[in-house]
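Asker: Starting off with a structure, shown below.
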């Protein structure tokens with residue numbers, strides 16, 4: 001199995017945890033021994049953080065591989081993958097490190113396992129610098145399932161910064177191959193729904209204020225559209241610690257889903273949090289893309305593995321997306337092109353078509 005080690009420079013492009021996630025997932029899937037150097041070299045706290053370490057350990061356990069140099073603060077790791085196992089696996093960041101990022105690294109791998117998997121992911125469910133679990137469940141899941149797989153996502157406990165303590169259980173059945181996707185027609189917005197939450201000691205009126213501010217902001221743009229944002233008090237037995245936040249999701253006539261979200265912070269008033277989420281959604285709608293800026297990079301690895309040509313229409317291509325493309329090309333040898341959208345009506349917009357000839361990865365175990 002083990003050929004020469006593939007060398008990955010952890011300081012390129014996005015230069016952070018995402019390089020680690022994409023490269024270790026592809027290493028695991030393709031059976032490529034890997035060395036990653038200069039991990040998070042440019043960050044204020046360089047090297048591995050707890051959430052990166054728990055992600056690496058999970059990938060190691062998924063394939064009974066060997067992992068060296070994996071300690072907090074380490075800037076170099078080597079990884080030698082073996083066969084991907086199904087079954088039950090736990091990853092615990094022991095911090096507010098994001099469970100959504102743990103899912104990002106593990107999901108592509110377990111799709112090509114020998115049997116169904118159950119992933120117990122522990123950490124932050126609604127954390128800064130990562131998708132919120134509500135985004136994963138309401139936007140990422142239905143779109144990613146277009147590749148021809150299904151997964152179940154059960155939020156057992158919500159966890160917030162700084163204490164974490166959340167738990168999500170994800171069940172996935174393996175597939176033989178992934179289908180290519182085409183998401184290029186945005187269509188018109190048909191409904192906007194959302195959820196504004198408070199947990200722990202925060203008063204319910206904070207959720208109501210976030211929701212009301214977001215609705216006001218969205219109504220200005222969409223006068224005739226039903227905008228339904230539910231304020232929610234998380235039940236005490238389903239939330240660990242204190243937190244607040246909001247997600248708003250637009251659904252379109254062609255089945256596209258685009259979102260905006262924000263988290264409450266000490267000293268930031270609730271109105272501002274609601275408006276930030278609404279404005280993020282509006283920005284994602286203005287550029288004419290059929291996927292939002294947070295979905296772009298999450299789809300790249302699946303496009304690279306799929307059996308055929310995938311196309312997605314995006315707004316401005318993010319650094320995370322450029323990074324995912326770079327490593328999918330380097331490691332998986334998939335071929336990507338990124339072009340400005342030439343379609344009528346896109347001239348004034350910042351819309352792009354990302355196309356990929358996938359490598360038609362086949363599950364050797366099925």
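For all residues, glycine too, the Cβ spot is worked out from N, Cα and C.
Got these off TrEMBL a minute ago, pasting:
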- 13-338: domain 'RNA 3'-terminal phosphate cyclase' (DOMAIN)
- 104, 294, 295, 296, 297, 298: ATP binding site (BINDING)
- 184-285: domain 'RNA 3'-terminal phosphate cyclase insert' (DOMAIN)
- 320: active site, tele-AMP-histidine intermediate (ACT_SITE)
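How buried are the listed features, and what sits near them?
Answerer: Same-chain residues at least 6 positions away in sequence with a Cβ under 8 Å from that of residue 296 (ATP binding site) are, in sequence order, 289, 312, 314, 317, 318, 320, 321, 354.
Under DSSP, the residues of the domain 'RNA 3'-terminal phosphate cyclase insert' (184-285) split into helix, strand and coil as follows: 37 helix, 37 strand, 28 coil.
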Asker: List the residues of the same chain that sit at least 6 positions away from residue 298 (ATP binding site) in sequence and have their Cβ under 8 Å from its Cβ, in sequence order, or write 'none'.
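Answerer: Looking at Cβ-Cβ distances below 8 Å from residue 298 (ATP binding site), excluding near sequence neighbours, one finds 104, 131, 140, 144.
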Asker: For the domain 'RNA 3'-terminal phosphate cyclase' (13-338), would you mind checking the mean pLDDT of the predicted model?
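Answerer: Taking every residue in the domain 'RNA 3'-terminal phosphate cyclase' (13-338) and averaging pLDDT yields 96.
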Asker: From the centroid of the CB atoms of 104, 294, 295, 296, 297, 298, the recorded ATP site, which same-chain residues not already listed sit within 8 A by their CB, in sequence order?
Answerer: 131, 140, 293, 299, 300, 320, 321
Asker: So if I draw a 10 Å sphere around the Cβ of residue 297 (ATP binding site), how many other Cβ atoms end up inside it?
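Answerer: Summing over all protein chains shown, residue 297 (ATP binding site) has 23 other Cβ atoms within 10 Å.
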